[in-house]
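What follows is a set of notes on a single structure, which appears directly below.
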C-alpha cells in the first residue's frame, strides 16, 4: 500500500465516509462541525482550545509539529516533582540502602529503563497512533482491552500517588489545611490543564521546568550541609539492590504505554534518533537527579532529629518543609511550588487516561475525551484521600506490580515492531485500527504473557507476597517478565501469523 493510498483511507475514515466504520467518531474538525448545532457546550469548549480527539489515529496531514525540542521539556517538567523525589527515598527508607548504593542503582537502572520509553515514543510521528491503539497490532482488538484496563489502573495509581504527596506538601505549609483539602486542590488544578489537551501540556512543559528546577535546587542548597553517606546499619544485600531496581523500573517504564500519545502530532519524517534523544535526555535528567536528591535527603533525615520527627516515615511534604525551614517565608513559597510540581505529571497522565478509557470500552469512543478527564479526577480524589495514611505501602506495591505487566507489554510490542513488522511503519495497515477481523487475533501475545507469569510470580517480592525464588535473589520479576515473554512471543506469533496471515 502506498503512502498516499494509506493516508486517503485514514482521512476518509476520519470524515465518517467509510460505512464499515461509521460508528467511530470522526476527526477534531468534523466533530466540531457535527456537534455545533446539537451541543453548544461542546462547541464552546472546542473553540476555547479543549482537545476532543480520542483514540482515532492522527493522519499525516495533521502531523505538522516541528518543534521537537518540546519533547525534552515535556518529560523534564513532568518528572521534576516530589513523587520522583519520593521514589529516591525508597532505597534508604524501605530497603535499607546507603546513599552511595542508592545512587549507583538509580543512575544505572534509570539509564537503562528510560531508553525503552524513549524508543517507543519515536513511533508516534511515524504511525500517528496512541500506544494502546498500536498495541492492537500485536494483542489484537479484544486482547488489548484487558491490557488497556491494566494501563488504566496503573495511570490512576500514579495520579493517586501524585495527589497524595502534593496534598501533603500543600498541607504542611498551610495552617489549618488538611491532607484531604490539599489533595482536592492539587487534583482540581491538574484537571484544568488536562482538560485542554496536548497544547496546554506543551505550554506547561516549556515554562514549568524553570520554577520547579529552581525549587529543587533550593532544597539541595539549604539541606546540602546535612548530606552524608554513613555506613548502613546492616550490610547491603543483592536482594535489596534488585528490589530497589524493580521499584525504579515500575516508575520509569510505565511511560512506555503512554509514550506515543505525546508524540502523535509531530512530523512523520523526523529522524527517530532525534525524537529518542530529546525524550531520553528529558527523562533521564529529571528522574536521576531528583531521585538522587530524594535518597540523599532520606539518609540525612536519619541523622537530623527535626527532619526525622517531621517526616515520620510517611509525610514527604513535611520532610521537605523541615529542610526548608531555615529560610522562613521563602521556604514556604518553595514548599508550595513543590506541592504544585505534581500537577504537570497528573495532567499528562490524565491526558492519556482519557484515551485509555476509550480503548478499554471501544463504544466510549463516541464520548468526548474531556468527559473522562472529569470522571478520572473524581476517582483519583476518592482513592487518594484514604491512601494517604499508608503512603509507602501504596507506593511500593504499585511500583512493583506495574513493572511486571509493563515489562511483558514492552517485550511484545518491541518484537512485533522490530521483527514481525521489520521496523517499517508501512507494514501497519492504518485503516484496520478499529476493525477486529483485520487485526491479529492476539492469542500469541496473551498466551506469551500468561505463560511467562508462571515464572514471574515466584520471582516477585512485594510487601504482601514474596516468591520462593525472590527470597534468594530479591525481586527479579521484571527481568523475567521481559525476557521470558519475549522468548515465548517469537514462536507463538510465528504460528499465529502462519494460520491467519495477519
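Glycine is treated like the rest: Cβ placed from N, Cα and C.
Listed ranges 278-302, 303-327; the one TrEMBL annotates as transmembrane segment is 278-302. Within the same chain, residues 70, 73-78, 80-81, 85, 193, 289-290, 293, 297, 320, 323-324, 326-327, 331, 334, 337-338, 341, 344, 347 sit at least 6 positions outside the transmembrane segment (203-222) and bring their C-beta atoms closer than 8 Å to a C-beta of that stretch.
Taking pairs at least six residues apart, the transmembrane segment (71-98) and the transmembrane segment (439-456) share fewer than three Cβ pairs below 8 Å and do not count as touching. Within the same chain, the transmembrane segment (242-266) packs against the transmembrane segment (398-418): three or more Cβ pairs sit under 8 Å, each pair at least 6 residues apart. Highlighted: of the candidate stretches 370-392, 398-418, 476-492, 476-492 has the greatest count of Cβ pairs under 8 Å to the transmembrane segment (439-456). For the transmembrane segment (370-392), same-chain residues at least 6 beyond its ends with a Cβ under 8 Å from one of its own Cβ atoms are 45, 50-52, 90, 93-94, 156, 159-161, 163-165, 167-168, 179-180, 183-184, 187-188, 190-191, 194-195, 313-316, 346, 350-351, 353-354, 357-358, 364. For the transmembrane segment (476-492), the partner stretch with the highest count of Cβ pairs under 8 angstroms, out of 278-302, 333-358, 398-418, is 398-418.
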